[in-house]
Each structure stands twice: as C-alpha cells, then as structure tokens.
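See structure below.
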Amino acid sequence: MRVGCGYDSHRWAAKRKLILGGVEIPHEFGLTGHSDADALTHAICDALLGAISEGDIGFQFPDSDPAYSGISSLKLLSKILEMVDKKGFAIDYIDSTVIMERPKLMPYIPDMKSKIAGVLKMPSDRINIKAKTNEGMGFVGRQEGVAVFAVALVKENQD
C-alpha cells in the first residue's frame, strides 16, 4: 500500500463558476485557474500522483499548455486513474478537507462524492469529503481564496 498527500488553493474571482468535485455550486464568485479551477479535484489528483510517485498536477498538466485551458478537472482525474492502473495500483480510499468560509458545502457533498466516484470507478463510500471554515483566520478566513487537502491510499493490484 502507498499513501499520497495532496494540496491545492485558488483565489476567488468574479465572473467564474465555482466548481468543486465536478459540481457547480451557486456562489457570487468562482476560483481563478487555467483549468476549471476545481481545487478539490486538483488536491485529489495530487494525492493520487504522490501515491504512485508521478509528481504533481502541474508537472503532468502544465498551465503553459493550451490543451488544458478551461478543461474539466474530472478529465484530468480520469487521466490520472489511467496512470494509477498502468503503474499496477488500485485506489482504495480518498479523504479530503475543503476549507472555505462560504458557501456552505454540505448540501453538495453527496453529488461531489458521486461524480468523483464515477470518474474513479469506485464506490462513493470509499471517498470522504469534509467541509471546514478557517474561523476567520488567514487568507481563507479573509475570504481571499479556498484551500483543500487530500489523502489517497492505493494498493497494488492482485491480478
């Protein structure tokens, strides 16, 4: 078994959609980024890449490459699943924490889990998403942006 840790953060931006876990969440702001800026999916991507020793999302999908401009992060996650499979691993479990002051995410978490599970071809009960605030502290507390942490557990395929 291997463990990977992931982290991502993005600034708030006007005139952008807020996408987390592949789900569009109604909010006055979205997040800045070269892709759809889905910080939750990006952190999960980094956790998986770490678990298989394949760098990070910026290395695999550089923001200097126009092919990734505006791309759905779920498509990137799908490509990473292929890498996990090719390296002889299977995803066992994912845990993540989204840190933002608002909006409240609880109503959207089941849909996020379902979308991520669908892409990763695994049961949604093997994916956990927690939503926290930063109690008004730091850049998240000042509502300048969002931060996400993720951990992925992978195991060697037994084929």
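For all residues, glycine too, the Cβ spot is worked out from N, Cα and C.
According to Swiss-Prot, the features are:
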- Asp8, His10, His42: divalent metal cation binding site (BINDING)
- 8-10, 34-35, 56-58, 61-65, Phe139, Arg142: 4-CDP-2-C-methyl-D-erythritol 2-phosphate binding site (BINDING)
- His34: site 'Transition state stabilizer' (SITE)
- Thr133: site 'Transition state stabilizer' (SITE)
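Distribution of Swiss-Prot features across the structure.
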{"residue": "Asp8", "record": "divalent metal cation binding site", "Cβ contacts under 8 Å, 6 or more apart": "Ala39, Leu40, His42, Ala43, Asp46, Ile57, Ala147, Val148"}
{"residue": "His10", "record": "divalent metal cation binding site", "Cβ contacts under 8 Å, 6 or more apart": "Leu31, Thr32, Gly33, Ala37, Ala39, Gly145, Val146"}
{"residue": "His34", "record": "site 'Transition state stabilizer'", "Cβ contacts under 8 Å, 6 or more apart": "Asp63, Tyr68, Ser69, Gly70"}
{"residue": "Ser35", "record": "4-CDP-2-C-methyl-D-erythritol 2-phosphate binding site", "Cβ contacts under 8 Å, 6 or more apart": "His42, Phe61, Asp63, Tyr68, Ser69, Gly70, Ile71, Ser72, Ser73, Leu76"}
{"residue": "Asp65", "record": "4-CDP-2-C-methyl-D-erythritol 2-phosphate binding site", "Cβ contacts under 8 Å, 6 or more apart": "none"}
{"residue": "Thr133", "record": "site 'Transition state stabilizer'", "Cβ contacts under 8 Å, 6 or more apart": "Ile99, Met100, Glu101, Val140, Gly141"}
{"residue": "Arg142", "record": "4-CDP-2-C-methyl-D-erythritol 2-phosphate binding site", "Cβ contacts under 8 Å, 6 or more apart": "Gly136"}
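Other residues of the chain with a Cβ within 8 Å of the Cβ centroid of Asp8, His10, His42, the divalent metal cation site, are Ser9, Leu31, Gly33, Ala37, Asp38, Ala39, Leu40, Thr41, Ala43, Val146, Val148. Under the three-state DSSP scheme, Asp8 (divalent metal cation binding site) falls in the strand class. In the three-state DSSP scheme, His42 (divalent metal cation binding site) falls into the helix class. Within the set of binding-site residues (His42, Phe61), the lowest number of other Cβ atoms found within 10 Å of a Cβ is recorded at Phe61.
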